[in-house]
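As recorded in TrEMBL, the features of this protein are as follows:
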type	residues	note
DOMAIN	B:5-119	domain 'Tetrahydrofolate dehydrogenase/cyclohydrolase catalytic'
DOMAIN	B:140-280	domain 'Tetrahydrofolate dehydrogenase/cyclohydrolase NAD(P)-binding'
BINDING	B:G166, B:R167, B:S168	NADP(+) binding site
Protein chains: 2
Amino acid sequence: MAELIDGKQLAKTVNAQTKRAVTELKTRGVNPKLIVILVGEDKASQIYVRNKQRKAVQLGIISETTRLPEDVSQAELLKLIDQYNHDDTVNGVMVQSPLPRQIDEAAVTRAILPTKDVDGFNPENVGQLYSNSNLNFPVSCTPKGIMSMLKAYQVTLAGANAVIVGRSNIVGRPMAALLLNASATVTVVHSQTKDMRAYTRNADILIVATGIAHLIKGEDIKPGATVIDVGMNRDENGKLTGDVDFDSAEPVAGKITPVPGGVGPMTIATLMQQTVELTKWSE
Amino acid sequence: MAELIDGKQLAKTVNAQTKRAVTELKTRGVNPKLIVILVGEDKASQIYVRNKQRKAVQLGIISETTRLPEDVSQAELLKLIDQYNHDDTVNGVMVQSPLPRQIDEAAVTRAILPTKDVDGFNPENVGQLYSNSNLNFPVSCTPKGIMSMLKAYQVTLAGANAVIVGRSNIVGRPMAALLLNASATVTVVHSQTKDMRAYTRNADILIVATGIAHLIKGEDIKPGATVIDVGMNRDENGKLTGDVDFDSAEPVAGKITPVPGGVGPMTIATLMQQTVELTKWSE
């Protein structure tokens, strides 16, 4: 029986801290403001963006969503970002993924001012992360939220054997950097890895971010390991399910995140937390 | 009996290519120019800088070394860098490490214009590397040179189990990114890793960059592995020796770099190569 890492509960705690910080900023006349840019009509994106805006409003953060048509040009999008970059009332800017084909996503991440880059995707911020910089800089919210979970559940990081399944720029790679900066021994495995399970079975900390439902089963987990499931897959009944087969994993793991109610709520809580951090850092 | 990875010979090939590229640029009136800034009187630094300048001159690259006193202020150093950033005749700028205590090394790496950052240490370039960007950007020369060696000796990277010993910003971390981008399974082990040898013994590709003479012995190596020794230590007789105990490692490894004559010559050859690349990219 693993201890459940309750992301929903922890997100509440983080959100309460954020709300207090916002209140405190407002007494000084500072009003944190987050801009979300949504391109096109993607259904899932609309839900994500609505959830972000709702959470921001709950916490006292001014949130504006700017909607652009599916066929918006790259130049128009970059021009809009530039306007927000120059707008002193704006503290955080993010562009919801995925973007339509005519838009170069890397150019968009480069365009957002590093000091307003609430998603932490700008190369300059990525570089600070990988250089283990001691400056203030934003970090991709999902892995940053996972670090908060590991800390809250007192998981030992220094010297732990951490294995990350998946090498995306949003989760796998920044997760590797954060864990290495925290002195874990870090392995990144991915689709081209031979015998992935030989690695996962030795992991003290296992982070799974592949988008493949139930890729990791109980037999792939070291007894007592901390298992973090970043997966958000829909099963045949439309039910949300993770990259880890919870039923077989839970009896083996020491600590484990559920899906839903694990990483998901912490990602959005971290986005709000980071909006406030960017606001404070820019003061 | 391992195959020797002859860095000295490969550096000659790379240098010959660089020399041809420089000649070709000159026929178009473009003269690649490298600025090396040397602060203080560190003996080893003076030798490194002299070797770089000599190699640059051999290859037709204009090389200027600017010497600053040990007690130079951070402001003066940054002002000098800014001058070179704005000088259109300058293609590459580097500041020789180590720097005296009053200088913030991270601030120096941030100050060099990313497009002239021949050492590849600027966070923006580091971020491009870790994001596996498809743009042109400079990369730390030692790991980039190692990638050239692995390619020249036809070492299979995709799916290989690569283990990097050491997590410095100059070698270990960028090496991890390069190998991950090349689809190796990558583990970074370091001083806080428990049972380092359990990792090194399973490595198909083992990169050792710790500064600890003879840390890795034959028994720590998987038979047939490719072993890259980044170490440059002086033994009790003043002789240059690596982080790998060559005598016991060589019979076990499949391919191995000697020290000296391995990674060292490739680092300087890569610096020259990258100076020319920066020149071309800025055209």
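A Cβ is built for glycine as well, from the same backbone N, Cα and C atoms used for every other residue.
All features noted in TrEMBL, drawn onto the structure.
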residue	record	Cβ within 10 Å
B:G166	NADP(+) binding site	23
B:R167	NADP(+) binding site	24
B:S168	NADP(+) binding site	17
Around the recorded NADP(+) site (B:G166, B:R167, B:S168), other residues with Cβ within 8 Å of the Cβ centre, ordered by sequence, are B:I164, B:V165, B:N169, B:I170, B:V171, B:G172, B:R173, B:V188, B:H190, B:A209, B:T210
DSSP, reduced to three states, assigns B:S168 (NADP(+) binding site) to coil
